[in-house]
Every structure is written in C-alpha cells, then in structure tokens.
Amino acid sequence: MDRVRGSAFLLGVLLAGSLFAFSVAKEETKKLGTVIGIDLGTTYSCVGVYKNGHVEIIANDQGNRITPSWVAFTDSERLIGEAAKNQAAVNPERTIFDVKRLIGRKFQDKEVQRDMKLVPYKIINKDGKPYIQVKIKDGENKVFSPEEISAMILGKMKDTAEAYLGKKINDAVVTVPAYFNDAQRQATKDAGVIAGLNVARIINEPTAAAIAYGLDKKGGEKNILVFDLGGGTFDVSILTIDNGVFEVLATNGDTHLGGEDFDQRIMEYFIKLIKKKYSKDISKDNRALGKLRREAERAKRALSNQHQVRVEIESLFDGTDFSEPLTRARFEELNNDLFRKTMGPVKKAMEDAGLEKSQIHEIVLVGGSTRIPKVQQLLKDYFNGKEPNKGVNPDEAVAFGAAVQGSILSGEGGDETKDILLLDVAPLTLGIETVGGVMTKLIPRNTVIPTKKSQVFTTYQDQQTTVSIQVFEGERSMTKDCRLLGKFDLNGIPSAPRGTPQIEVTFEVDANGILNVKAEDKGTGKSEKITITNEKGRLSQEEIDRMVREAEEFAEEDKKVKERIDARNQLETYVYNMKNTVGDKDKLADKLEAEEKEKVEEALKEALEWLDDNQSAEKEDYEEKLKEVEAVCNPIVSAVYQRSGGAPGGDADGGVDDDHDEL
C-alpha cells in the first residue's frame with residue numbers, strides 16, 4: 001500500500017475471516033452436465049468419467065489410457081498425442097511438448113530461460129510472456145501462447161471422452177500441481193475456455209490422487225502422505241482421511257522437477273560420451289536430439305525393472321549407428337542430486353503438518369517417476385523403512401480423483417460419493433506490501449480454502465487521497481523477495497490527516513485456489529476489486545476470445561483433413577473392390593463381355609493413376625472422381641447381374657462397405 005505504515009493497523013486483529021470448509025455435493029448441480037476429470041500432465045494426460053457407480057479411465061483412439069501431451073504441425077495438418085510424439089525425430093522444430101513448464105510463467109523466469117535451451121522449438125518473448133513460434137502449413141509462422149497449446153491437449157481429452165460417451169461434453173474438473181501459483185492456475189483455467197470447456201473446478205493433483213486411494217477406505221482417521229513425482233512437476237501433500245472427509249494438512253513441492261529432468265541428464269551424459277568417442281557435437285542437432293530424447297525416456301523406464309539397458313539408435317548422426325549400455329547405477333549417479341532434492345519438500349510438509357514420521361499411516365505414490373527404485377528407496381529410508389503403498393495406478397490416479405470430483409459437482413455420483421468432502425489448502429502465503437516494503441500476510445500458506453480474510457489499514461501521509469494495493473505471494477518477510485501477483489489503486493479517499501481513513505482490504509481465495517482482492521474506504525463506501533492474476537501474464541478477455549475462435553478454426557481444419565482422407569479412402573476402396581470383383585472368376589470375371597471388361601478395367605486403371613498423381617486433392621475432387629468411375633462401372637455390373645438373374649444381395653457398387661473406416 002502506498003506509504004501505509006505496517007504498525008498503523010486500526011484493527012490489529014484480522015476479522016478472523018471464516019475459515020470455512022465446503023461441501024460441493026449440491027453446488028452448481030443444476031447447470032452442469034456430465035463432468036469429466038482431466039489430468040493435464042507435463043508429459044502425458046489422462047481423462048476419466050464417473051459412470052455406473054465407478055470411474056472409467058477412457059482409452060484414446062489408439063487404445064491407450066494415457067495420451068502424450070504433445071502437439072505437432074506438418075505441411076498438411078495438426079497432430080496431437082501419439083501421432084505428434086511419433087514423428088518428433090523427423091520434425092523437431094514443429095513438435096511442441098512440456099508446455100506445462102511454460103504456462104502462467106514470465107519469459108524472464110529462470111526456469112523458462114533454462115528450458116529454452118533444451119527444447120527444439122522456438123520460444124519467444126511476447127509482452128513478457130513465453131510464446132511458441134512454429135511454422136504451420138504453407139510455411140506460415142504462427143505464434144501460440146502456452147494456454148493455446150494446452151487447450152489443444154485438453155481438446156483431445158474432451159474428444160476422447162465424447163467418443164466414448166457418445167455425447168457432447170462441456171464441463172470438466174482439471175487438475176494442477178498443488179504448488180502451482182495463482183497465475184499458473186488461472187492460465188490453466190483459460191486453456192480450458194479456449195478448448196471449449198467450462199472448468200467447473202481446478203483441483204490439486206495430490207488431492208485428486210488421495211481420493212483415488214481413499215474412496216473405498218472406511219474406518220478410522222488416517223494420515224496419508226501423497227508423493228507425486230510426474231514428468232515435469234513434483235508435489236507432496238499430507239492429508240487426513242476420515243470416512244470420506246479429505247483434509248489437506250500441508251502441501252509443498254517444486255513445479256519444475258520431474259521425469260523430463262532425469263531424461264535430460266541421460267541425454268547430457270550421452271552427448272558428452274559421443275563428443276569424446278566420436279569427436280562429434282550433437283548438442284545443436286535437433287534431429288539427433290529428438291532420437292536421443294526418445295531413447296533416453298525408454299531407457300529410464302526400462303531401468304525401473306532392469307539393472308542394465310542398451311541404448312541403440314540407428315543413424316544417429318552422419319549415418320553412424322549408436323549403441324551404448326546404461327546401468328541403473330550410472331542412471332542413479334547422474335540424477336542423485338535431483339532424487340535427493342525431492343526429500344526437501346517432504347521434510348517441509350511434515351513440519352507444516354506438525355506430524356512425526358510414525359504418524360503417517362500410508363505413503364501413496366503418484367506419477368510415473370515414482371516407479372524409479374532409488375526414489376522409492378529414499379522415501380522408505382526417510383520413513384524408517386516404511387514401504388510405500390502401491391495400490392493406486394500412478395499414471396491414472398489423478399484423473400480418477402478428478403472424475404470423482406466431477407461426479408460430485410454434477411450430482412451424478414449418487415450415494416457412492418455423496419459423503420465426500422474435500423478440504424484443500426492455499427499452497428503459498430498471500431499478503432500486501434505495507435510501508436518499508438514489508439510483506440503483511442493476510443492468508444498464511446496451508447490455510448483451508450475457500451477462505452476470506454479482511455484487515456483494516458490506514459494512510460501514511462496527511463491529505464492522502466489514493467492508496468495503491470500491491471498483492472504478493474511468498475514466504476519471505478520483505479516483498480522484494482516475494483512474487484508480485486498484481487496491483488490496483490483505490491482513489492477518491494477524502495483528504496484527512498494521516499491515520500484517519502479506514503481502508504478495509506479483503507482477500508478471498510475460491511475453491512480453485514484463485515484469489516480475489518477488494519479494497520474499500522469505510523468512510524465513503526467506495527471500493528475497488530480485482531481478480532488477482534499474474535497481471536502481465538494473464539490473457540485478456542479479447543485474447544481468450546480470439547484464441548477460442550482460432551481453436552474452432554483448427555478443429556474445422558482437422559475435420560476437413562479427416563473428410564478429405566475419408567473421401568480418398570472411399571474412392572480407393574471402391575476401385576480396389578471393383579478390381580477384385582471383375583478379376584475374380586467366382587464373381588464377375590467370366591460373366592463380363594470382353595468390351596465391358598475392357599471398359600471397366602480402363603476406368604479403374606485411369607482412376608488409380610489419377611490417385612497417384614493427386615495425393616493432396618480436395619474432398620470434392622475425390623467425390624467427383626468416385627462418381628465418374630461409378631458412372632462407368634455400376635451400369636455394367638447391374639447389367640451383368642440382370643443377365644445372370646440377379647445375385648444374392650447383389651451390390652451395384654462392387655461390394656463397398658461404407659460403414660467402416662479402414663485401418
């Protein structure tokens with residue numbers, strides 16, 4: 001606040017602000033349809049829905065229950081998921097991944113600066129935010145915000161759910177790391193809007209995983225520690241579970257630590273090895289790095305079950321095949337400091353929760369990186385030999401919990417979920433700047449949300465008519481060491497001696513962990529309020545609207561590509577079926593007159609040549625060509641069937657079955 005003396009609080013005590021818990025079973029029931037649960041991960045995403053009394057984790061169009069969080073652009077189309085990841089080595093600069101590490105961040109953040117050097121695609125500075133520049137079709141350069149790329153992945157999860165459920169889905173619960181700050185949460189919500197989703201609730205990943213663990217657990221109170229180490233982020237949450245009540249006691253973490261960092265260490269090891277052994281530096285060769293990244297991830301996964309793997313890559317550089325062993329011991333040595341780094345947040349969370357190690361009843365492992373034996377061992381050692389619980393699927397637990405929360409919000413959960421109550425917490429302390437740059441805390445970290453707290457401040461100077469409210473998050477005592485979330489002015493305060501006006505500042509954190517701040521002059525009733533988000537990083541409503549339009553255009557473009565491929569397949573199928581029909585003695589070969597056969601074969605030959613010459617024709621061209629071929633072939637086939645007294649179920653179209661997509 002503009003020159004407000006920290007000690008000049010007129011109401012020294014907070015209006016203790018109702019620290020209220022919330023039951024979400026009845027909330028928003030009327031306006032929500034089926035609410036899906038989406039785990040939007042750094043490396044993989046997953047979607048679930050609560051149906052027929054249990055959660056279904058939904059497989060994508062490739063039959064996989066987790067989908068790579070990858071997006072790629074080629075000269076003709078946009079690819080999402082496996083299709084994007086599988087072509088990354090041949091199209092590195094146009095293949096985007098790890099976008100969760102950029103969302104809600106500033107371009108100058110040290111993590112962003114570090115990541116820029118590690119990814120093959122181009123990250124640029126736009127209005128202080130990291131944006132991704134990529135060539136889309138026809139060589140056109142396009143700039144995307146991290147929210148837009150995340151929206152493409154959310155859109156893929158939405159499509160996956162819609163295909164399974166056979167209906168349109170508008171509402172979702174989306175998960176975020178517990179340690180995500182305000183800007184990152186708001187940016188994730190914006191991504192949902194761009195994807196055409198109403199994000200009914202943002203919930204923390206470890207809390208969602210705790211639901212997956214505790215949904216069917218009855219009996220007394222249990223303290224559980226959720227250790228969530230994923231592809232790009234790390235969270236620790238400590239909860240008490242008691243007959244359906246999930247209360248978060250403390251949370252901690254690192255939003256930039258995960259499996260991708262372990263892969264990077266393997267890559268750096270092999271880059272050095274190649275330089276030493278072959279005198280070749282591949283650190284700037286995006287194609288080689290793409291191949292190496294894929295194999296590093298594969299090797300890391302294999303080392304969870306084996307003690308040694310061989311990393312083999314055909315033609316890694318200059319036509320040279322690469323083959324080198326990697327042992328589990330070497331992998332652990334390369335990542336030793338990162339593995340040990342996970343123990344810091346565990347200790348802090350335990351301190352904040354005020355629990356002894358012996359008071360933790362269960363340790364729940366979430367995230368693919370918890371399969372690493374060394375990580376499990378460190379955790380086991382910290383808890384004096386206690387074995388972690390492996391009862392939840394580490395890849396699916398978060399989406400599972402999100403789907404349960406979705407069913408509570410929609411009212412579709414029924415008796416199974418009606419007693420569930422989530423009491424989550426704000427991960428970081430929230431406060432304002434008072435005189436001398438002091439961080440005056442209004443909402444301490446690990447406060448149960450939603451919550452509302454007010455405090456009265458006054459002016460620092462005589463005749464002061466404006467105060468500036470600067471809102472920060474962080475644990476340090478001075479605002480210069482905390483993160484500025486936003487600021488706004490309250491104008492029109494009547495002139496008065498210093499210390500006279502009473503300005504009430506109210507902080508309200510909603511169930512999504514997003515902060516609203518209001519300042520009111522008690523004398524005049526004049527007030528200002530804002531939803532605090534990373535003021536420079538937040539997308540404006542105009543930008544969100546534009547991105548929604550562009551997302552719809554991309555979806556339309558994707559639809560056109562599919563229709564074009566379907567039309568081509570239809571033509572090809574007809575031609576090959578007809579070719580088979582006129583060439584098969586059991587079908588029409590012996591029944592056609594020479595002139596008829598020649599006419600049909602000529603039409604089919606011409607159609608196949610046309611297909612070869614027109615690989616990227618439009619849908620209408622394929623349809624027109626099909627009509628041309630049918631106009632020649634169908635009358636001849638009909639005439640033959642009539643001459644032979646009709647055929648059982650005689651098709652006049654060469655037996656084409658239009659109802660099935662070809663594989």
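The backbone N, Cα and C atoms fix where each Cβ goes, and this holds for glycine too.
Feature annotation from Swiss-Prot assigns signal peptide to 1-21; the stated evidence is sequence analysis.
The N-linked glycosylation site annotation in Swiss-Prot covers ASN614, and the record cites sequence analysis as its basis. Around ASN614 (N-linked glycosylation site), the same-chain residues six or more apart in sequence whose CB sits under 8 Å from its CB are ASP621, listed in sequence order.
The region 'Disordered' feature in Swiss-Prot is assigned to 641-663.
Under the heading compositional bias 'Acidic residues', Swiss-Prot lists 654-663.
The motif 'Prevents secretion from ER' annotation in Swiss-Prot covers 660-663.
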Confidence summary (mean pLDDT) of the motif 'Prevents secretion from ER' (660-663): 39
Helix, strand or coil at ASN614 (N-linked glycosylation site) [DSSP, three-state]: coil
